[in-house]
Amino acid sequence: MNRIMLLAKIHRATVTEADLHYEGSCGIDEDLLDAANMREFEKIELYNINNGNRFSTYIIKAVRGSGIISLNGAAARKAHVGDHLIICTYGSVPDAEVNNHVPKIVLVGDNNSIKEIKKI
């Protein structure tokens with residue numbers, strides 16, 4: 001049997017852009033993607049710290065070093081520029097590996113810069 005487990009989390013990312021008329025997705029600075037081991041087109045769950053909205057979409061790459069977190073399409077209705085988000089990926093982990101599974105956590109500071117990377 002497998003369990004769905006947290007793989008990675010970007011914590012307290014600040015929304016920098018929201019474009020309702022874009023096709024969809026969430027643009028994330030490539031530095032953050034690399035730090036969290038997240039991939040373009042991967043499904044993500046997002047939790048808006050400001051208003052409690054929870055929603056899912058997929059990742060597209062934003063310019064490396066830009067600090068961009070952009071919500072596009074329908075996701076743009078779930079948060080405003082300046083809102084703080086928790087961005088998570090989950091995956092299937094075999095029961096035999098669950099006790100050794102360690103998610104990667106990226107804590108974000110000002111301008112969506114990487115403040116700390118840790119494993120919990």
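Positions of Cβ are set from backbone N, Cα and C atoms, glycine also.
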Query: Which of T16, T57 shares the substrate site with G73, A74, A75 per Swiss-Prot?
result: T57
Statement: In the three-state DSSP scheme, G73 (substrate binding site) belongs to helix
Field: 8 Å Cβ shell about T57, G73, A74, A75 centroid, substrate site members excluded
entry: G24, S25, C26, F55, L71, N72, A76, R77, K78
Message: Quick check: of the recorded positions listed here (S25, G73, A74, A75), which one has the Cα closest to that of Y58 (active site, proton donor)?
response: S25
- prompt: Can you tell me how far the Cα of A75 (substrate binding site) sits from the Cα of S25 (pyruvic acid (Ser)), in Å?
  reply: 7
